[in-house]
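Read the structure below first, then the notes.
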């Protein structure tokens, strides 16, 4: 049993805890603690009720020091439950990971992300750390599960799980490159609104993000091309990316265009994705040609879902694809996959 602590109980932290149970991985992963500055009542409420993902199928209760995940659904049930320690500490070095015998910290704060931050968790008693965002370049490894998780080694103690968008697009790039050879590419990320945007116009260091999230399509900076280069160094300076935020609360679409070496048709491209989704990337990549819209991919655990009806090929070598992902739920599930891969690499 892998003993895990979650540092930061926001969108990703709560989805990670929920995914432990909904994926069936509670047989392999035990969440022993959650560190979050918010009050226990709010933590329990937002875990139980979620605007994007609906009501959690497990009953949640709490006291001032614990969250309880009940195995039964009855409001008055006295049956079995899992107890999770609640902490409210802002300094990593004060966290009682040693006393709690924590094997792995899932750091979902989005604040910490360099080697020194990870080592602080380890000094506090954790054995390993997995960050929920790309983090700094000095980490022991960056894992996009399904693509390079087999590169994990026992000595990789401070690891990044990449970003939701790298987890979405990197597996597709891998498939296309292995099948046809990629020369270069561009990506437009069409991303749901996030909590770094404003409900109504208000001050922000990024002037575009001073504007109300629900009223505009808002261009934002992205370092996605750097994330691709970190996984595939051979694509240094070969990809560029832009990103816009749209007025939805969840699910992201990625418009991928690549120039390839092989002369192909649409069916060649789509069949390659289908084959990967049924074999090497099963559970990571999915494929559909159904006439779906973004909300249909809400709560989908795959990293990427290719909409084959939108695949286009120009002059045999320019390929355009539309790739969907639930930027919260898919990523949370990959956090768990990577966590178990880190354990297996011991």
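Glycine is no exception: its Cβ is also placed from the backbone N, Cα and C atoms.
Copied over from Swiss-Prot, here are the features:
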BINDING   11, 12, 327  NAD(+) binding site
BINDING   163, 164, 165, 209, 222, 223, 245  substrate binding site
ACT_SITE  164  active site, nucleophile
SITE      191  site 'Activates thiol group during catalysis'
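When Cβ atoms from all protein chains are considered, those within 10 Å of residue 222 (substrate binding site) total 19, not counting its own. Under the three-state DSSP scheme, residue 222 (substrate binding site) falls in the coil class. Counting other Cβ atoms within 10 Å of each Cβ, the lowest count among the recorded positions 11, 191, 209, 223 belongs to 223. In three-state terms derived from DSSP, residue 209 (substrate binding site) belongs to a helical segment. The Cα atom of residue 12 (NAD(+) binding site) lies nearest to that of 163, taking the recorded positions 163, 191, 222, 223, 245 as the candidates. For residue 327 (NAD(+) binding site), other Cβ atoms within 10 Å of its Cβ number 24. Other Cβ atoms within 10 Å of the Cβ of residue 164 (substrate binding site), summed over all protein chains shown, number 24. Checked against residue 163 (substrate binding site), the recorded positions 11, 191, 327 differ in C-alpha distance, with 327 being the nearest. With a cut-off of 8 Å between CB atoms and residues at least 6 apart in sequence, the same chain places 189, 191, 222, 224, 227, 243, 252, 254, 325, 327 near residue 165 (substrate binding site), listed in sequence order. Residues 11, 12, 327 make up the record's NAD(+) site, and a Cβ search at 8 Å around their centroid adds 10, 15, 132, 164, 328, 331, 332 from the same chain. The binding-site residues 12, 245 differ in how many other CB atoms lie within 10 Å of their CB, and the one with the most is 12.
Within 10 Å of the Cβ of residue 163 (substrate binding site) there are 23 other Cβ atoms, across all protein chains. Mapped onto three states, the DSSP output places residue 191 (site 'Activates thiol group during catalysis') in strand. Rounded to a whole number, the distance between the Cα atoms of residue 11 (NAD(+) binding site) and residue 245 (substrate binding site) is 17 Å.
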